[in-house]
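**Student:** Quick paste of what Swiss-Prot says about this protein:
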- K207: active site (ACT_SITE)
- R281: active site (ACT_SITE)
- K195, D200, D218, E279: Mn(2+) 2 binding site (BINDING)
- D200, D277, E279: Mn(2+) 1 binding site (BINDING)
Amino acid sequence: MTEAMKITLSTQPADGRWGEKATWSINNDGIALHLNGKDDLGLIQRAARKIDGMGIKHVALSGEGWNTDRAWAFWAGYKGPKGQRQVEWPSLDDAQRSELDNRLTIIDWVRDTINAPAEELGPEQLAQRAVDLLCGVAGEKISYRITKGEDLREQGYLGLHTVGRGSERPPVLLALDYNPTGDKEAPVYACLVGKGITFDSGGYSIKQSAFMDSMKSDMGGAATITGALAFAITRGLNKRVKLYLCCADNLISGNAFKLGDIIHYRNGKTVEVMNTDAEGRLVLADGLIDASAQKPELIIDAATLTGAAKTALGNDYHALFSFDDALANRLLASAQAENEAFWRLPLAEFHRNQLPSNFADLNNTGSAAYPAGASTAAGFLSHFVENYHQGWLHIDCSATYRKSAVEQWSAGATGLGVRTIANLLTAE
């Protein structure tokens, strides 16, 4: 085992020989990070990425100034999808160490799950991983049901079944109940719905290779919302919450769905498929119908839903949509408290009407006349939320995954959003 490289924090600028803008320097004791009070967490994360890039795989966070958030910022930048890294953590009090340990367990689970190859992580495996994580955190407070394949069709989950039927791996709906009250009749406080497309080829509206090569990550919404529930439980969530993961492959075969097909949903809506690569909203619709039936105070769905959200925000922010201004502001306050980046994008009543079809109530994609793709996607989902004006948040997870490394992040999943959603769920 190699000796650990000591990483210390300093509020003094680096020696002038390192340059006036230097944020880190090397000394006889190890590496010093020079905080300037402007964006200290970002500075630590960027420095950690550079330290990892130098091939240093064993570090000790030493000296004064370390706390949970600073140690976590270091790990967020230091962790990568391949190779082993060892960190000797700073001395923290019990509460801070517990918080750090829970982040390491749960958010690393989210990142590792999103990074897993599609060959290893199909719909059933994703659902089972979610069950294992949540049962490990909450034990007997968890109950669940897994419905798959033809059982979905027979029970009316036609959006999920339609999208997933083209794969040899059957589509799966995970319906999970976290009930800490012990009362089977306890009201449901929140319902969480996640898009779990374990690989998205685009179907017959096939993607180019440059857009398909990262589509193992199209289940990022499901992983994020699962991690958020698990993390909220570790922070003392004492209200009943239900989780719905809509898991499928979107592949091409003789049994795959086709353009012009019409899906009949349980809430009476019909949808014409005019783009098989707009499949996420088709599976989420089934989960949102179930969520609405629970009459919760809060519904949150999370999905890597549109390229339009990434065009607007890049990979740095998650996109937030809601008709409920007060609730949207609560989510944004939670994001600020957790130092995670969310940005609200427009969602208006007219977006609900920008999906016209000649043969059904809705088209699953907007036409060229209605180019606000992220907003029309949110508008589509609103048709499956019973009381869409209140208590519903849609998160288009544009910050879930990066195809290549940047100064703060390695290539792959980020885990962003888990803490924000957990904060909202546990806020009084």
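Cβ atoms are placed via backbone N, Cα and C, with glycine included.
Quick one: where do these features end up spatially?
**Tutor:** In the three-state DSSP assignment, the secondary structure recorded for K207 (active site) is coil. Sequence-distant neighbours of K207 (active site) (same chain, 6+ residues apart, CB-CB distance under 8 A): D200, S201, M215, D277.
DSSP assigns R281 (active site) to a helical segment in the three-state reduction. Around R281 (active site), the same-chain residues at least 6 positions away in sequence with a Cβ under 8 Å from its Cβ are A303, L305, N364, A377, F380, L381.
There are 31 other CB atoms within 10 A of the CB of K195 (Mn(2+) 2 binding site), with all protein chains counted.
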**Student:** Enumerate the residues of the same chain, K195, D200, D218, E279 excluded, that satisfy the criterion Cβ within 8 A of the mean position of the Cβ atoms of the recorded Mn(2+) 2 site; list them in sequence order.
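**Tutor:** Near the Mn(2+) 2 site, beyond K195, D200, D218, E279, sit V163, I197, M215, M219, A248, N250, G280, V283, A303, T304.
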**Student:** Just name the most isolated of the binding-site residues D200, D277, going by other Cβ atoms within 10 Å of its Cβ.
**Tutor:** D277
**Student:** What same-chain residues, at least 6 away in sequence, bring their CB to under 8 Å of the CB of E279 (Mn(2+) 2 binding site)?
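**Tutor:** Listed in sequence order: V163, I197, D200, G203, A248, N250.
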**Student:** Near D218 (Mn(2+) 2 binding site), which residues of its own chain have a C-beta under 8 A away, given they sit six or more steps off in sequence?
**Tutor:** K195, I197, T198, F199, D200, N250, G280, T304
